[in-house]
């Protein structure tokens with residue numbers, strides 16, 4: 001009798017195991033064609049014509065409910081390097097890595113030190129002192145779109161950034177402004193521009209709020225980790241997205257803007273906070289947006305960012321969003337492990353990526369960081385597993401932050417180990433072009449991951465390329481749909 005029970009239990013166990021997804025079903029290697037991937041030259045994309053008719057919608061009021069929740073908009077999305085036409089591919093790539101290092105350092109500092117936000121603090125009278133640093137000190141993003149500001153709409157390039165909340169742009173009169181591709185926006189020429197009173201709840205939501213005591217209007221400041229900053233009036237304005245006009249968006253109108261924001265007029269914050277564009281327009285666009293990032297080395301065509309129910313791909317695999325008690329800007333997810341060559345890497349444990357109860361550690365998805373950073377023990381274990389799997393490839397000297405590079409010159413195709421990121425509920429198998437990337441025009445390719453000494457890991461945009469990354473804030477989840485740029 002006991003023997004029969006054991007056999008029945010064993011049969012049941014075998015059946016359950018066989019029904020689970022197995023890594024053995026994933027190929028251990030995939031093909032990379034080095035000759036089809038090289039560093040791009042900068043070339044601006046073509047954007048939607050600016051003379052399209054628009055439809056109006058009101059956000060932030062009771063009249064914005066109902067059918068508005070079914071609305072959606074789609075915009076072109078391109079890499080910020082396309083605004084730099086006078087630099088070589090090598091210069092653009094080196095600059096990208098420099099921006100990346102500054103951004104990662106400031107994100108890690110912010111995540112480690114910032115206290116929990118206090119949404120009820122009063123604006124500082126008289127403006128700002130130089131010692132005030134906003135909670136958004138993580139650097140600007142890497143991808144941009146084009147949208148209209150004001151009435152009549154003035155079209156400008158805006159960086160999209162999931163690691164920032166505030167929507168801001170340069171405004172006239174500009175005491176100190178960096179160079180941008182479009183004329184600087186003049187709020188005096190817009191019929192829909194309206195300053196925000198210091199007593200407004202919108203003003204009190206700012207991390208760094210000031211008050212113009214003479215006009216009793218709200219001031220904002222955003223300081224970035226590389227020393228860049230923007231300071232000005234906090235106001236409401238109409239934004240035009242192709243055929244959609246969205247009224248009453250709280251924006252920073254910057255009159256003193258300095259730093260490394262060359263080309264774009266400002267930043268469209270897509271973070272998780274209440275003052276981000278998704279946070280403000282949640283009811284209008286069902287608290288959903290998605291993007292697909294095209295690798296600039298593979299195509300000069302722009303990809304897209306979508307707001308609304310149409311943003312959710314039916315093929316996406318979703319993982320839950322985690323809540324950080326310390327700050328609400330970043331999109332935290334749970335990374336359980338990593339596979340290389342069809343095998344889970346033993347040294348990459350879920351405990352290395354854990355977000356603790358006071359908000360330290362964890363893993364975030366960030367559109368503005370290029371290279372994925374993993375806590376160093378996890379990175380070393382994954383890197384060593386990849387080196388073993390790629391031992392047939394000719395090694396090349398290190399490059400910048402990359403310590404695993406290969407000479408693939410004169411190669412028509414090579415076999416490289418597969419890399420799979422195991423999130424809770426979603427296994428994301430990366431294309432070879434998302435982790436073995438060209439760093440020069442001579443056939444040198446490097447493993448596009450890096451280690452970090454901070455406790456925070458970041459999934460960067462190189463690893464996101466080609467996927468439609470879906471942010472479903474209503475469902476508190478993030479999804480990944482392969483081949484999502486079509």
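Every residue gets a Cβ built from N, Cα and C, even glycine.
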Of the residue ranges 5-38, 39-72, the one that TrEMBL records as region 'Disordered': 39-72
Cα-Cα distance linking residue 366 (active site) and residue 161 (active site), given in Å to the nearest integer: 8
Segment confidence, the domain 'Peptidase A1' (143-481), expressed as mean pLDDT: 92
